[in-house]
Structures are given as C-alpha cells and as structure tokens.
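As recorded in TrEMBL, the features of this protein are as follows:
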- T193: active site, nucleophile (ACT_SITE)
- R221, I222, G223, D224, T243, G244, E245, G246: substrate binding site (BINDING)
Amino acid sequence: MGRWAIAVHGGAGIDPNLPVERQEQAKQLLTRCLNLGIAALRSNVSAIDVVELVVRELETDPLFNSGRGSALTENGTVEMEASIMDGTKRRCGAVSGITTVKNPISLARLVMDKSPHSYLAFSGAEDFARTEGVETVDNDYFVTEDNVGMLKLAKEANSILFDYRVPLIGCAAVTDSPLQMNGLPISIYAPETVGCVVVDREGRCAAGTSTGGLMNKMMGRIGDSPLIGAGTYASELCGVSCTGEGEAIIRSTLARDVSAVMEYKGVGLQEAVDYVIKHRLDEGFAGLIAVSNKGEVVCGFNSNGMFRGCATEDGFMEVAMWE
C-alpha cells in the first residue's frame, strides 16, 4: 500500500489587482474540493473516481471557468471541453464543443468507459450524452452575468479575453497588453481552467481537466484541456493537469512531457515538472499540477500565480495563489 495525494487547480495567471473578496472565494472553493477528495481517498475510492468527483464540483460552482460560469464564445454561447485519463492502463476520454451537458468531465468519463473511442466532439458528443442519459440543461444555465459583461468588454476592444471576472475600467487594460497568442495580440492573461490529479493508496494515478475556453473565442475553437498529452495526461508514473495559454501547452505537449521526462531521464516528479516548465513553454505562460505513484505532489508555473491546492496522506495540505 502506498500513500495517496491530491491536487486541484483553478487556473494559472492571476491579476495582481484581484480583489481580496475574490481571492477568498477562490481559496474557499479549492479548500472545499480538496476536502471532498480527501474524504473519498480516506474511504479508498479509486483515483479516477476521485478526479471525476472533484472536477464535477468545480464545474458546478460558477467561480472558475468550467461548467456553469464558462467563458462565452463570440456568439455569446458556451462551448465546453474536458478530458480524463486513468494512468493504470492509459485509458482516456475527451469531449469538445459541449453546449448542454451539465458536467462535461462525466461525459468524458463515459466516452472512456462506454464508447469505442477516446474523443467525441460537438453534435456527436451531445448525441452520445443523450444516448447515455446524461443530465443536460439549456445553454443559458452556463451563462453568468459576469461573463456577459466580460464578453461585451472583449467585443468593444475587438479582442480575445482570457476569462477573468475582475472589473476593468475602460478598455485600456485590454488594448495596451503586449501579450500574444500564435503571434496575434491578446488581452488579459488569466485563464481559469480547472483540473484535478490524484494518486490513490494502490499507486494508481489519474488526471482530469475541464474548461470553457477563452472569452470571445471563435466558434469551434479547441484548446489544450481536452487534448490528451497536452492539457491532461496520466500514466503508471504520474498524473498531470495543465492550465494557461492553451496554444503554448498544445505545442509543448506539456502534460505528456512530465511523464516522458520521468520515464526517459529517470528523474523524480519535482525535477520533471521544473524541467518542462522551464524548457518546454517557449514564450508561453502556463502551470500544472502533478502527482506521482509514490504519493508525491507538485505544482509548477511560470505565470504570476496559479489557483491551486494540494494534500497528502501524511497530513500536508496547502491552498495558495501566488509563488
């Protein structure tokens, strides 16, 4: 029997002017999700079940950018994506373009468990959800007043907004940003993708990631979160969930690289995470959470902060935002 460990995240990249009230809300949500996962792990729930359980909780709360509270497309609708992976046999499931499924992470789990495929998207994924009897809601359920205001701001600035619910005065903060994505200017670097990684007492690693994507994104845009090896990866060695600039994470296959560095270089989790954050992101900004089959837990990022929390069986628990 090994030691369990769990980590959760709510996005990499935090506005330095984030109101204290918003910071406290984020910490409370991360703490609640950690405690939910801890209780399950103490009851010997498997790693993959704990990941789904915790990410569902994050999707249900509108605070972060997943499920209810997801960022809006250029048309004012929500298109969500999620993925989940069981490291034991490297089984995985992913979905994109989800518009009515209340918990995309659970649909991704069903793709893994109940379909012959690993990835379903848009109408095909929605049809599969109905076939499996998944709980669905109208798209308006996912839309919040805060995000309607953020979309308006993005359109006024003719820019893509990384979803963030911090009041901005005018559009100067948007148009003056030097940040770029694939060589094109973007505005606020503050994505709020959610994720969870777990290793249970049997040494089984699992990971899951869920997001609404970018505010004012083009219809049909797919980020790193549903891409196995980019936003999510789990193997017999570790489980990894990423967050941040999706295009940079995709180019670097960030999550898979952590496992690959451990496997090919024979290094531990901390060294592998440090290596990929330093050498694989080029000029992109991102973060990740990871656990190993030895019960280790590591958080790494090169942005100015990351919403994160972690806990281990030996009693360690931390919820943090900044370095």
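Cβ coordinates come from backbone N, Cα and C, glycine included.
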**OP:** Could you tell me the maximum Cα-Cα distance in Å between the residues recorded as binding substrate, namely R221, I222, G223, D224, T243, G244, E245, G246, rounded to a whole number?
**Re:** 16
**OP:** Express the distance between the Cα positions of E245 (substrate binding site) and the residue listed as 'active site, nucleophile' as a whole number of Å.
**Re:** 10
**OP:** Rank the binding-site residues G223, G244 by the number of other Cβ atoms within 10 Å of each Cβ and report the first-ranked residue.
**Re:** G244
Original post:
If you measure from the Cα of T193 (active site, nucleophile), which of the binding-site residues R221, D224, G244 is the nearest?
Top reply: G244
Original post:
Which ones in the same chain are close to R221 (substrate binding site), with CB under 8 Å and 6+ residues apart in sequence?
Top reply: T73, E79, G213, L214
Subject >> Cβ neighbour count within 10 Å of T243 (substrate binding site) >> reply: 33
Original post:
Which of T193, I222, D224, G246 (the recorded positions) has the most other Cβ atoms within 10 Å?
Top reply: T193
Original post:
For E245 (substrate binding site), what is the tally of other C-beta atoms lying within 10 angstroms of its C-beta?
Top reply: 28
